Amino acid sequence: MTYNASADLWFQYFTSDGPQCFILFAVYGARFLWTTLGLLFNFGVVYITAKSKTLRGTCNILIAMESAFALILDLGFYVSFFVLLSGRIFVRYEYCFWALLLPAVFGDMAQLTMVLTGVDRLCCVMFPIWYKKRNAKCYLAFVWTILCCYATYQFIIDYIDYQNSKDFMVSCSTNEMGNGGMGSLMRVNGLTLSGTLMAVYSLCWFIVFRMSAVSKNVNSDNRKLIKSLVFIISLNLSCVFIKCGVNLLLQFVFQVNVFIKSAFSIAFSFLTITVYSANAPVLFVVSNLYRNHFIRHFPWLSKLVRSNDKVSSICTSTTTVIVQPKNGIVNGANGFYNEKLASD
């Protein structure tokens, strides 16, 4: 694919004389900080899973694997900021492709791991006897085989795309990949995985929370874990699915200038970091098991929990209305409310 730098308005605007480069410094600097926060979140999930013996279930391991893959994806967003710090705004794609390839492939693996985690929860709920008797090592080996095959497939796509776009001037970010003719296939892959995610977790939600014959056999910890995973997948759909859909529309339906496309690309990179870093905060809030392990390994988090408990207790106490009994009878709705509090 032929590239003409003089026709690249984005490149020409930021390499011309003036303070324009400070816009990129502000945007990429903010993304650097946001990425660092996401990296710490993902590291936290991997760390507590490795240190805790009670987080050795298949689902726990899959969640940790997804966070580990997302951690490597996060590292890819550092490259563009370091390029700016080096005094350059853009470099040829061939010079930073290998620095972006690993984060991009592991990001794709994180997406597929979300699907496999949903399938795992579905099997646990629908086939509980088989799930308990299965060989966990063979099960995880099969999962790794699927992930490795998918990683190889993504590597081939990325490499073919790279061969056709070596001369492109880029700021070295994973969201700039796909200019060599394979971008459409990459986005279709993202849409396919997001659609599969939506189908798997919708079915899982229906079975666990709507089918009484099955839901009564699902314990509270599993319910909370599924709730947290559904919330994370909702975030994924809001980012990856919409991002791929919008990019396809901008490529084939709507003709917009490069500034609008680039603005969308940068905005979606922030959303990508948010989605792939959501495991830690969501599990901390929803799952008692994960929250206890987080507090055990990161004791300073207990102060955050205590402060929230104090605020909650203050809010509860201010809503309590004391009604004096009249003729030995407590009247009104407020009286009933206080009796209920006393009985609890």
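Quick reminder: no glycine exception, Cβ is built from N, Cα and C everywhere.
Keep in mind that what you see is a predicted model, and the values were worked out from it rather than measured.
Features as listed in TrEMBL:
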- 32-50: transmembrane segment (TRANSMEM)
- 41-284: domain 'G-protein coupled receptors family 1 profile' (DOMAIN)
- 62-85: transmembrane segment (TRANSMEM)
- 138-157: transmembrane segment (TRANSMEM)
- 191-209: transmembrane segment (TRANSMEM)
- 229-254: transmembrane segment (TRANSMEM)
- 266-290: transmembrane segment (TRANSMEM)
The transmembrane segment (138-157): which same-chain residues, six or more beyond its ends, come within Cβ distance under 8 Å? 58, 61-62, 101, 104-106, 108-109, 112-113, 116, 182, 185-186, 189
Is the number of Cβ-Cβ pairs under 8 Å between the transmembrane segment (62-85) and the transmembrane segment (191-209) three or more, considering only pairs separated by 6 or more positions? no
Determine which residues of the chain contact the transmembrane segment (32-50) at the Cβ level, with the cut-off under 8 Å and only residues 6 or more beyond its ends counted. 60-61, 63-64, 67-68, 70-71, 74-75, 77-78, 81, 270, 273-274, 276-281, 283, 290, 293-294, 296-298
